[in-house]
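Listed features, source TrEMBL:
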type	residues	note
BINDING	Gly170, Arg171, Ser172	NADP(+) binding site
DOMAIN	10-125	domain 'Tetrahydrofolate dehydrogenase/cyclohydrolase catalytic'
DOMAIN	144-282	domain 'Tetrahydrofolate dehydrogenase/cyclohydrolase NAD(P)-binding'
Amino acid sequence: MPATSTAGLMDGTALARRLVERSAAKAATITERTGAAPCLATVLVGEDPASVTYVRMKRNRCAKAGITSRHVELPAATTTAELVGTLTELSRDPGVHGILLQHPVGAHIDERAAFEAIAPEKDVDGVTMHSFAAMGFGLPGFVSCTPGGILRLLDAYDVPLAGKHAVVVGRSPILGKPVGMLLLGRDATVTYCHSRTADLSGHVRQADILVAAVGRPRFLAGADIKPGAVVIDAGYNPGNVGDVDFDSARERASLITPVPGGVGPMTIAVLLAQTVDAAAEQLGLGLPPVN
Ligand code: NAP
C-alpha cells in the first residue's frame with residue numbers, strides 16, 4: 001500500500017445505499033413469490049431515548065426496503081424470564097424471519113440469556129453464541145452487523161487482507177472481537193488492543209489495517225498511523241466524532257472511513273440484507289444471498 005499525502009475516503013453511505021437497493025430487490029422478489037414480505041421483529045425494553053431512536057431508524061429503513069417490521073415494546077421492569085418468553089415466541093413464529101433485540105437492555109436482565117432465546121436462523125443481528133461461533137469457525141451464519149459492514153467496505157475498496165497486519169483497538173463482543181475474527185478468517189494477522197494493552201501506540205504503528213472500536217473521541221492520533229495504512233473508524237461519539245483524529249490520520253493513511261458516512265450506514269444495511277436472506281432461507285426460495 002503506497003503512502004499518499006491525503007487518504008482516499010471510503011464512502012459507506014454510497015455502499016450502504018447499493019446494499020439496501022439489492023436487499024429491497026430481493027425483498028420484492030420474496031413478496032411476489034410468497035405474497036408476504038420479509039418481517040423483522042424489533043424488541044425494545046424500556047424507553048432509553050437513544051435505543052428508541054435506533055429502533056425507529058431501523059424500522060423506517062425496513063419499510064423503505066419493503067421489509068415489514070413487528071415492534072414489541074416491553075416495560076423497563078421486564079424480567080429476564082419475560083423477555084426470554086417473548087423472544088422464544090418470536091423465534092417460533094413462522095411469520096417472523098429476523099429478530100432484533102435492541103441493547104443494552106436493563107442491568108437487571110441477563111442479556112446473554114435473552115440473546116440465546118433468539119433462534120440462530122433468525123439472528124440477523126449476529127448476537128447469539130451460535131452466530132459468534134460460526135464467525136469464529138468461518139462457517140455460514142449471520143455476522144454482527146457492524147463487523148460485517150466493515151468487511152464489506154474493505155472488499156468494496158479492494159483492500160488486500162491476506163498477510164496484512166490488522167490491529168483492532170477494542171474487544172467488545174459486538175464489534176472489536178468479531179471484526180478481528182472476520183479479518184483472521186480472511187488471513188490477516190490480527191492483533192487485539194484494549195484498555196490493558198501495554199504500548200498501544202507501538203501496536204497501532206504496525207497496522208496495515210487499523211480498526212478503531214474504542215468509543216473515545218479522536219483517541220488514535222495520525223502520528224501513530226503507519227504511512228499507507230487503511231483506517232477504519234467504527235467509533236461514533238457525541239458530536240459526530242470518531243475514535244480516530246481524522247485530519248491528522250488522513251495525512252498518513254491511504255484509505256480512511258469518515259465519521260459520519262463511513263462505517264455507520266453499513267450497520268443497518270447489513271441488518272436489512274441479513275433479514276431478507278433469513279426470510280428467503282426460511283421460505284426455501286433458493287435465492288442467492290444479498291452481496
Ligand atoms: P465498548 O463495548 O465500550 O468497548 C470499547 C472497547 O474499547 C473495549 O474493549 C475497551 O477495552 C476498549 N478501550 C476503552 N478504553 C481504552 C483505552 N484507553 N485504550 C485501549 N482500549 C480501550 O464499545 P463498542 O460497543 O465496541 O463501541 C465502540 C465504538 O464504536 C463506540 O464509539 C460506539 O459508538 C461505536 N459503534 C458504532 C457502531 C456503528 O454502527 N457505527 C456500532 C457499534 C458501536 P476493555 O475491553 O479492556 O474495557
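Any Cβ shown, glycine's included, is placed from N, Cα and C.
Counting other Cβ atoms within 10 Å of each Cβ, the lowest count among the binding-site residues Arg171, Ser172 belongs to Ser172. Looking only at the domain 'Tetrahydrofolate dehydrogenase/cyclohydrolase NAD(P)-binding' (144-282), the predicted model's pLDDT averages out at 98. The residues near the NADP(+) site, meaning same-chain residues not in Gly170, Arg171, Ser172 whose C-beta sits within 8 angstroms of the mean position of the site's C-beta atoms, are Val168, Val169, Pro173, Leu175, Gly176, Lys177, Tyr192, His194, Ala213, Val214, in sequence order. The number of other CB atoms found within 10 A of the CB of Gly170 (NADP(+) binding site), across every protein chain shown, is 23.
Summarised by DSSP class, the composition of the domain 'Tetrahydrofolate dehydrogenase/cyclohydrolase NAD(P)-binding' (144-282) is 54 helix, 24 strand, 61 coil.
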